[in-house]
Amino acid sequence: MNYTAIILIPLIPLAVFLVLGLFNRKIGPGVSGLVGVGGMLVSTLLSFYTAFEYFMVLGKVSGAYPTLVESTVWMNFTETLRIDMGVLIDPISVMMLIVVSTISLMVHIYSRGYMKGDEGYTKFFSFLSLFTFSMYGLVLATNLFQIYIFWELVGVSSYLLIGYYYTKESAVAAAKKAFIVTRFADLGFLIGILLIGYYTGTYDFETLNNPEGATLTHWAPASFMGLSVLTWGLILIFIGGAGKSAMFPLHIWLPDAMEGPTPVSALIHAATMVVAGVFLVARLFPMYFFVEEGFALQIVAFVGAFSALFAAVIALTQTDIKRVLAYSTMSQLGYMMLALGVSGYEGSQGLGYMSSMFHLFTHAMFKALLFLCAGSVIHAVHSNYLKDMGQLRKYMPITHLSFLVAALAIAGIPPFAGFWSKDEILVAVYQQNTFLYVVGIFVAGLTALYIFRIYFGIFWGKDNTYEHRPAESPASMTVPLIVLAVLSATVGFIPFSEFISPDRAGFDAHIDIPMAITAVAVALIGIGIAWMLYKKESGLATRLTDRLGVLYTWAHRKFYMDEVYLFVTKNILFKGIAAGAAWADRKIVDGTMNLIGNSTVLFSKKIKGMQSGRVQDYAMAFVSGTVILALLFIYLWTS
Amino acid sequence: MNMETVLLLRQEISILIIALLLLIFEIFAGDRQKEGVVSLTIILFALHTGIGFLDMKEGLLFGGMFRTNALIHLFKNILNIGVLIVLLQSAEWVKRELVPQHRGSEFFILLLSSLLGLQFLISSGDFLMFYLGLELSTLPLAALSAFEMYRRRSSEAGIKLILSSALASGITLFGISLMYASTGTIYFAEMGTLISENNLTVMALILFFAGLGFKISLVPFHFWTADVYEGAPIGVASYLSVISKGAAVFILMIFFFTVLKPLIHLWENLFYLLAVLTMFLGNLFALRQQNMKRFLAFSSIAQAGFILLGLITGTTLGVATVIYFVLIYIFSNLAAFGVVQAISTETGKENMRDYEGLYRTNPKLSLVMMLGLFSLAGIPPVAGFFGKFFLFTAAASKGYYFLVFLAVVNVTISLYYYLLVVRAMFLRKSDHPIPHFTNALYMRIGLVITVVGILALGLYSPIYDYIYALSNTLN
């Protein structure tokens, strides 16, 4: 392997960040855009070169893809515990390199059009580069400590980018919220690292994950509340991952994060940073699987399933299209966690793991595409709300078709990418747990419903009168759309299971026909409902009848017959349950977080009186403090 | 006095010589040359700091009253570096405010006397030297805090410091006498073998600890901190927050890890309780401060709480992590204080509100400030992160998981208020931002050293390796 090339991949964005950041004022917008895109292009080429070399040239060594580590000792903490810095190459890190590079490059190109004329153009590109660098570092990390450092750096750059429109009060608040919530989650991560580092004496993934190694064969026995210390460590680490990957109840920052510029949402809050939590669990998968028979892994599965369902229901109620996409992301991340949670380790048992990574890969493509399309729409109509959109397919054909491809992909319609990965997930879940499978298939239906709801709302629906006639976005924005649309349509055909599996050996995965038919049928039902509810809401009935003929008449009559049913779904399901869930999300989950914050501030106000400014009070406190301590000592602590 | 004595007392003698030279300079310099005192002090002290890194012999003096070894020598070098930075950062202020009143050398002499006291304090081998060092380090500080006599707050700070410290010294002295009563010796080396667990010793331990708790500003001995920092000249406040605190941590560590080691099952409870109280109270008070000096005062109280997490362990790992943390803390806190000093000297503004929009007018200063605050907050990959992470690992290695959990909660709280300042500087706009200005040479050097320190400590591992290797010599 060519390690120079691999190390250059993160270093190029770092260099771009430093150049653009330090010479902010001296570099014109044109140059900074080119520097950003150029640097990203080189990194992308190197990533693909690395992938080619790893999978094709190097290939399997004695039946499995090897883990290659190149690192130097950074700090020796004690004689036994040390901290390294380096790069780790294995199938999932190579896959993540491809994801990060592709999406980041597309977003860089797109931003040249989207951010045109913005006063902080250069600053924006420097932040993007900082983020990309941190993300590469996270993906390539060789040990827990390194991944934590980049984890935080990713958090900081996300904070900067969410709060990019710093004059907007809501953006600043959203940035703060994202930072604080993920910090609380990282608190768990940090303690988890401390626990694992201390009990195993290493931070290195390779040593920790070795199925024959001491860590996994002799995991520390039960100690606290009947669970092994390592299980606690893994649960705490999962809390960190849940914060980044917006799992319930740590998801509350994600919808607000949509205040950032849309390309940022596409890059960070759809394709890359938010999957870091999934990646983290996958990175430590052997630990999750072997320690205490996978107790922690079950938690992952259930949290994932619940988040998937919860978010999908809420997505139905949102009117801001970016928020719909945000909840949709949360829901899809829940899928990935669920798949990891039900996965086995050896051979085709690892279907869940493989399908999770597969879905991560395909989701990155089509979700980034959805966001970029949404950005293109928002760019044209200057609003995030569905009520200001409608009939846009006439004005923006490329955006429309791209969005349609992405929507079909996320809904799981063959042959688009999402079908293949989602099908594998459902098969994996079905093999393990029927209840979770039912949840999964239900969410699949909801997914199709909410995504086509906004699709119809944006591109069909009512005929809005626009003040400025909306126009298709410039080429810098549509080219990435086309590229991603092609990818969303095709990447499903990659034989993922040959490259990625928990034991690295690869296996043959094949489509389970009955499962696939069920899933597609459910998705089609979802799309059908969306079509009935949202497409013909305006006075287009006649034209639609002309175009769709029998199909429409049938739907129309069906609608008439099923008025009661629709009443039930619309009023009880949507207004009752979904709105209720949205309310609970806003008031209870959000409220609790706010309560923690506010009560800290309030308590801080209350104790103000202690610092009176009078030196005699201080002396009093000093002496009485000493006396109390002495009493505590004598009566409590001495035997 | 033979050569041996001179060599072992090298650091102290060198500080004394500088102080005397300054005194002579003050007498003989003409009015126009008075300003030279600033450069003279800095050059002499830089020399002193540099010479300090030369190898040092180990040994005892005065029948065991004074001792030195490689670790103690390292402590002194750390203090020297800190004081050098404080001097550099105060230089411009001294030039503008004090030299015209002919009080420049007075300021430096007092500061150096206090440092001399601290050096004796950490070298002490018995209670007599300990107490002398303690007093010698505190008394000049009271004078220094009240140095801007014409400002009411400054004299208030002086009075508060002297009253509080008198009380603290009295209690410590009481503790020392009880310690003597229970063991019959004042020498640390003998005391370690004679000490036994009884109520008298426990009482002595508590009272003795109170005096050091005062210097480190642990709750409930911390009340003086905010008022004194706010009133005192900034250079003095930064000295109090890093140098005097650091030295007290070092002697506390030496004393508790060697002499009182047999009683660790007692004082670990004490440290546990005070760590929790100090972290929480420091952080909760810091949340609401508007004055930058008060803000940094409470932040420094909270940081002291974190230090206790390393001290509670009583292990070699604890020693190494505490030294490393203190070293990082010195650089980080001085970066923050340095920027406050620079802005205050130039414009007289000290409130957080005044910092709004600073990035637009003075990008370099705000970057230094940001780096310092990030390091104090412990955001990776800045050095402060490693400092905290290592402390927490040390505490976790002894099984204090709940304490570590509370500490991490506190890191999160502290992050909030450190970010308040960063937000004011970078994200807020102001109608009247602090205008652009260029810093004096010494100030720039002082800030650059802190930045280099923060970066080097995080990225260059041999420093930690060196500290870790030396830590074994304490036990």
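Heads up, the Cβ atoms here are built off N, Cα and C, so glycines get one too.
Annotation source TrEMBL lists transmembrane segment at B:12-29 (among others). Distant neighbours of the transmembrane segment (B:12-29): 6, 36-37, 40-41, 44-45, 48, 51-52, 102, 105-106, 108-109, 112-113, 115-116, 119-120, 123; these residues of the same chain sit at least 6 beyond its ends, with a Cβ under 8 Å from one of its Cβ atoms.
Residues or ranges marked as transmembrane segment in TrEMBL: B:36-54 (among others).
Sequence-remote contacts of a segment are chain residues at least 6 beyond its ends whose Cβ falls under 8 Å from one of its Cβ atoms, and for the transmembrane segment (B:106-122) they are 11-12, 15-16, 18-19, 22-23, 26, 37, 41, 45, 66, 72, 75-76, 79-80, 83, 86-87, 90, 94, 98, 129-130, 132-141, 143-144, 147, 235-236, 239, 243-244, 247-248, 250-251, 254. Among the features that TrEMBL reports, transmembrane segment is placed at B:106-122 (among others).
Look at TrEMBL and you will find B:124-413 tagged as domain 'NADH:quinone oxidoreductase/Mrp antiporter transmembrane'.
Residues or ranges marked as transmembrane segment by TrEMBL: B:128-147 (among others).
For B:159-180 (among others), the entry in TrEMBL reads transmembrane segment.
The transmembrane segment annotation in TrEMBL covers B:200-224 (among others).
Look at TrEMBL and you will find B:270-288 (among others) tagged as transmembrane segment. Long-range contacts of the transmembrane segment (B:270-288) within its own chain (CB-CB distance under 8 A, at least 6 residues past either end) are made by residues 206, 209, 213, 218-220, 222, 226, 295, 298-306, 308-309, 311-312, 400, 403, 406-407, 410, 413-414, 416-417.
Proximity of distant same-chain residues to the transmembrane segment (B:295-317), defined by a Cβ-Cβ separation under 8 Å and at least 6 residues beyond the stretch ends, is recorded for 216-219, 222, 225-226, 228-230, 237, 241-242, 245, 249, 252-253, 256-257, 261, 264, 268, 271-272, 274-283, 285-286, 289, 325-326, 329, 333, 336-337, 340, 352, 376, 388, 390-395, 397-398, 400, 403-404, 407, 410, 414, 417-418, 421, 468, 471-472, 474-475. Annotation source TrEMBL lists transmembrane segment at B:295-317 (among others).
Annotation source TrEMBL lists transmembrane segment at B:323-344 (among others).
Under the heading transmembrane segment, TrEMBL lists B:365-387 (among others).
Annotated transmembrane segment per TrEMBL: B:399-420 (among others), in sequence order.
Look at TrEMBL and you will find B:441-463 (among others) tagged as transmembrane segment.
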Long-range Cβ neighbours of the transmembrane segment (B:36-54) (under 8 Å; 6 or more residues past either end): 10-11, 14-15, 18, 21-22, 25-26, 29, 73, 76-77, 80-81, 83-84, 87-88, 91, 94-95, 99, 104-105, 108, 112, 442
Intrachain residues whose Cβ lies under 8 Å of the transmembrane segment (B:399-420), provided they are six or more past its termini: 272, 275-276, 279-280, 283-284, 286-287, 289, 295, 299, 302, 305-306, 309, 312, 352, 373-374, 376-379, 388, 391-392
Of B:159-180, B:200-224, B:441-463, whichever stretch has the most CB pairs under 8 A to the transmembrane segment (B:323-344): B:441-463
Surrounding residues of the transmembrane segment (B:159-180) on its own chain - C-beta under 8 Å, 6+ positions past either end: 127, 130-131, 134-135, 138-139, 141-142, 145-146, 186, 191, 200-201, 203-212, 214-215, 221, 223-224, 227-228, 231-232
